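Peer 1: First the structure, then my questions, so here it is.
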């Protein structure tokens, strides 16, 4: 993987730190936060828009428009599958199981509690402070992608965005498959009752294949020997079954109740997350992918700042019992490995070098002859041809209008995505 050398200007790092600091004012001084946050975002948006006429890589952005849209659709489908899986693993065992099943022993939680007794109170307060959240990491990536307008990050920005969303989609699919495979109890036993309205008792699948063999050692030994669900569970309780048409197959997975309405999609929007443990942490996956993108695309001391925010976020996830330690650890190395596996999307490796080499092969004999004749002007002209061959071709007159419309549509769409992401993830 090619790592970009640190940029000469630290403007992006300053902007990132300013954004995090200004947003934290909501906890220290809501009045100043209400004043400074709109001013900061307006200033950043205006600066970005002012650079649009001087951006030289719109043709490269245009080539990545389709992969960008395809990656976005893939990510949205992955998030839909994840939402279905979250509801399913919460619903199948019923609310009573979530309330009565104790959390798993977590040595990471023990370590943090012990550190509270040993560390100075100031440090403990910093570790407890809600400095960074999910929406911060999303916004930091948006800032990174927009920095292509200032040549701080290698173009195209849509290629970077496509890689980010494609990697996110793969990570979300793997996450959903992982936590749906084995259902783990939540570190917050009261969570399910506060978020979900599923039946209190287990689904008939769990009543037949899990409940009779959940705690009795002899029953577990017998089912291992027989390898068949031998217990007589009697008749099952009836459940609410709305008419979802072609989506009725989801009823057994989502377990709706009459109080939740008649739409299957509305069930997925009501809960902010699952209430059993979801291996691995989705918040940490977003954080790690943002840090990996920042490190590769921009580098410098600001990437160290981003990784420190990732570590702070991880210990808060454990400290506040949103996740077990294993969820955060797995999310970190899965995010790193997935990002390294998707390097074929961005940056466009060696494209310009290949064009240079191709042109150099064509003029090799002429270049050698000019060198033999000591024709320095001829050598310069030939080398200039090689350099020009590596540059992106300008669009013809017939497509000039497209190169004006496309930047406007791209900037408008990107700012809209920023606004939507900030709105719908501002609560974490």
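Glycine is treated like the rest: Cβ placed from N, Cα and C.
Worth saying up front: this structure is predicted, and the values here are computed from it rather than measured.
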Peer 1: Looking at 22-41, 42-61, 62-81, 82-101, which stretch does TrEMBL describe as transmembrane segment?
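Peer 2: Within the set 22-41, 42-61, 62-81, 82-101, TrEMBL attaches transmembrane segment to 62-81.
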Peer 1: Quick check on the annotations: TrEMBL lists transmembrane segment for one of 322-346, 347-371, 372-396. Which range is it?
Peer 2: 322-346
Peer 1: For the transmembrane segment (322-346), could you work out the same-chain residues 6 or more beyond its ends whose Cβ comes under 8 Å from its Cβ atoms?
Peer 2: 1, 64, 67, 71, 104, 106-109, 156, 159-160, 162-163, 166-167, 170-171, 174, 184, 187-188, 277-285, 287-289, 292-293, 296, 310, 314
Peer 1: Let's see if you can do this one: DSSP helix, strand and coil counts over the domain 'Sphingomyelin synthase-like' (274-341), in that order.
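Peer 2: Tallied per class, the domain 'Sphingomyelin synthase-like' (274-341) gives 52 helix, 1 strand, 15 coil.
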Peer 1: Using a Cβ cut-off of under 8 Å, list the residues of the same chain at least 6 residues beyond the transmembrane segment (285-310) that approach it.
Peer 2: 1, 3-7, 10, 12-13, 16-17, 20, 131-132, 134, 136-138, 140-141, 144, 147, 152-154, 160, 163-164, 167-168, 171-172, 175, 331-332, 334-336, 338-340, 347
